[in-house]
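Right, one structure below, let's go through it.
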C-alpha cells in the first residue's frame, strides 16, 4: 500500500488569518496611503478587542486561569481524572493559588470544558441576538478590509482539501499529483495566550477548519519549540510542512526547521496578503523545498 503524503500548514493568527493589531494602531489604513478611514479601523478593532475579552471571561474561564497559560489544551491532561462535568460547579470549586496538583486538576477540567464548547461552536454559546451582532461585526470588518477575513478562510478550506476552484484560464490548482494519496492539516501557532486564541478562532469563523487540538500558544515557549512539537507529532518521512505568517519569529523558526516560509504583507499591491495568497503560491513554496508533485510520481 502506498504511503499517504501529509501536508501540514502552520499558520500565524494575528495579521495573517485575521486583522486586529493593524486595525487598532492604524497601520492597515496607512498601508493604503490613508485612503481608508483609520478612525473606523480603530473603532472596529476596539469592538473586537472588547468582545473577545468579554467572551473569554464569561464563557471560557479566562479570568480564573489567565495566569496559567498552557501551550495547548491537552498540556494538563495527565491531571484530568475524567470525571463527569455535566453538574460540576466551576464557580464553587475554590480554584486559587498556589497551583498545586489539585489546582491543576481543576484547570484541566476547565480545559476539557473549553474543548467541548469549541467543538459545539458559537451557536451553542450565543443566543440569536448575539449571533446576529457577531455576524454584523464580521461582515463590517470583512468589508473594511476588502475581504481579508473571508479570503483567508477560503484559502484555509482549500488547504484542507488540497484543491482550489479557479475562475482563471489556469484552471484548477492542486497540491498533489493525481495518483498521490494525501491528507492536509491546518495548525495554528499563535504568540497570543491560548484561551483568547481559541475564542478568536470561534469568533472569526475558523473553528471548523482548525480543531482545538491544532491550536498552539507560543506565549512562553516560543514558536521554535511549538514547531518542534509539531514535527514530533507528525513523525513520518512522508510529511511536508509550510509556515505562513507575518512575523520574524515564525520566519526564523521555519528557517531553523528547514521549512518553507510564506511571509504575509499588508501592502495592497502584494500577492502575499488576503485576498491574493493562493493555493498555487503555497504549492510553489512547498515544491522549492520538497520537489513538485510530478517529481514524487517520477520517483515512484
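From the backbone N, Cα and C atoms, a Cβ is placed for every residue, glycine too.
Quick look at what TrEMBL lists:
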- 12: active site, nucleophile (ACT_SITE)
- 14: active site, proton donor (ACT_SITE)
- 12, 14, 246: Mg(2+) binding site (BINDING)
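Applying an 8 A CB threshold to same-chain residues 6+ apart, the list for residue 246 (Mg(2+) binding site) reads 12, 15, 16, 263, 264, 265, 266.
Close to the recorded Mg(2+) site, the chain also has 13, 15, 16, 17, 190, 191, 245, 247, 250, 264: residues not among 12, 14, 246 whose Cβ is within 8 Å of the site's Cβ mean position. In sequence order, 20, 21, 190, 191, 192 constitute the residues six or more apart from residue 14 (active site, proton donor) in its chain with CB-CB distances below 8 Å. Neighbour count (other Cβ atoms within 10 Å of the Cβ, all protein chains): 25 for residue 12 (active site, nucleophile).
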